[in-house]
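**Q** Please read through the structure below; I'll follow up with questions.
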């Protein structure tokens with residue numbers, strides 16, 4: 001579509017255009033029912049088919065083992081910051097956390113309300129410009145789990161390989177789920193807000209190993225218990241129907257593209273185009289250290305804040321939107337999630353070359 005902009009925003013993010021087109025039709029008349037998708041009952045056969053299709057695609061594309069439940073919850077990924085320890089930590093129990101950015105730090109704060117939290121590593125002193133190697137921290141022997149955020153949108157860092165531990169892994173994959181291959185069997189729990197790679201805000205995907213459902217303390221509020229939602233197929237109460245529907249459509253698009261293996265190849269190519277341009281010039285500099293660079297969020301600076309402001313304004317005028325960095329570190333950020341088109345990255349790279357030539361430091 002000619003008048004669509006390139007949306008480099010960290011989220012909500014670009015969705016496949018064909019998904020938007022289909023959603024536009026289905027929101028008016030879903031499957032010739034005479035009702036819009038957001039009007040039909042969540043107990044209707046039509047919506048049961050939607051949620052079952054979406055779960056099936058999650059399982060297929062991520063190769064989720066049979067001994068895991070797939071849940072579609074509300075409250076955003078931020079609610080998982082307290083739901084995880086509320087469900088997995090009993091009185092007097094300990095968990096280990098890696099502090100690699102704002103969202104991990106928020107999760108640590110919430111977890112401290114429920115148990116003894118050991119922060120085994122923090123990159124805060126270096127403005128979260130890297131994630132740790134496996135030998136840079138130790139997981140407490142008595143820990144119930146090791147928690148980390150696989151990708152950090154604000155700082156543009158990502159675990160190139162997932163942490164290794166004898167302890168159960170718990171991961172916030174909100175900004176890179178389905179972007180690369182992941183061995184789900186290595187994790188006790190994975191969660192992800194939808195608005196980066198999966199659809200609109202409103203639904204949070206949780207993948208949890210069956211045995212953990214029995215660990216929930218008896219005093220846990222009903223709505224905050226994973227077991228409640230697992231037992232009811234994510235329909236203890238009315239689920240976020242539209243967000244689940246869009247997730248299913250996005251995953252169907254991903255499957256038709258070639259699945260996670262193919263999108264990882266595409267994502268690596270897009271990121272390489274952008275990082276190569278930055279590395280080839282002294283004009284731009286990446287915030288993240290080598291070995292920690294994100295495939296999803298490329299954060300970079302120009303020589304001065306004034307040039308950054310001009311860069312963002314001129315890019316916006318050329319239909320490249322959302323390049324302003326997070327307020328906590330400034331600079332620029334190009335978020336290039338799964339559905340972000342390669343031609344948008346090429347256009348940005350070409351603009352970066354022209355801008356540097358026309359605006360010497």
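Just so you know, glycine gets a Cβ as well, placed from its N, Cα and C.
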**Q** If I go by Swiss-Prot, which of 54, 153, 216 binds pyridoxal 5'-phosphate at the same site as 77, 78, 103, 172, 195, 237, 238?
**A** 153
**Q** Measuring CA to CA, name the entry from the binding-site residues 153, 195, 237 that ends up nearest residue 43 (L-glutamate binding site).
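**A** Smallest Cα separation from residue 43 (L-glutamate binding site) among 153, 195, 237: 237.
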**Q** Sequence gap of 6 or more, Cβ distance under 8 Å: name the residues on the same chain that satisfy this around residue 153 (pyridoxal 5'-phosphate binding site), in order along the sequence.
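**A** Within the chain, residue 153 (pyridoxal 5'-phosphate binding site) has Cβ neighbours under 8 Å at 10, 11, 101, 103, 175, 196, 294, 296, 297, 326, 333, 335.
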**Q** Name, in the order they occur in the sequence, the residues of the same chain whose CB lies under 8 A from the CB of residue 195 (pyridoxal 5'-phosphate binding site) and which sit 6 or more residues away.
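**A** Set apart from residue 195 (pyridoxal 5'-phosphate binding site) by at least 6 residues yet with Cβ under 8 Å, we have 11, 12, 13, 201.
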**Q** Using a Cβ cut-off under 8 Å and a sequence separation of 6 or more, which residues in the same chain sit near residue 238 (pyridoxal 5'-phosphate binding site)?
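**A** 42 - these are the non-local Cβ neighbours of residue 238 (pyridoxal 5'-phosphate binding site), listed in sequence order.
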**Q** Hey, of the recorded positions listed (43, 196), which one tops the CB count within 10 A?
**A** 196
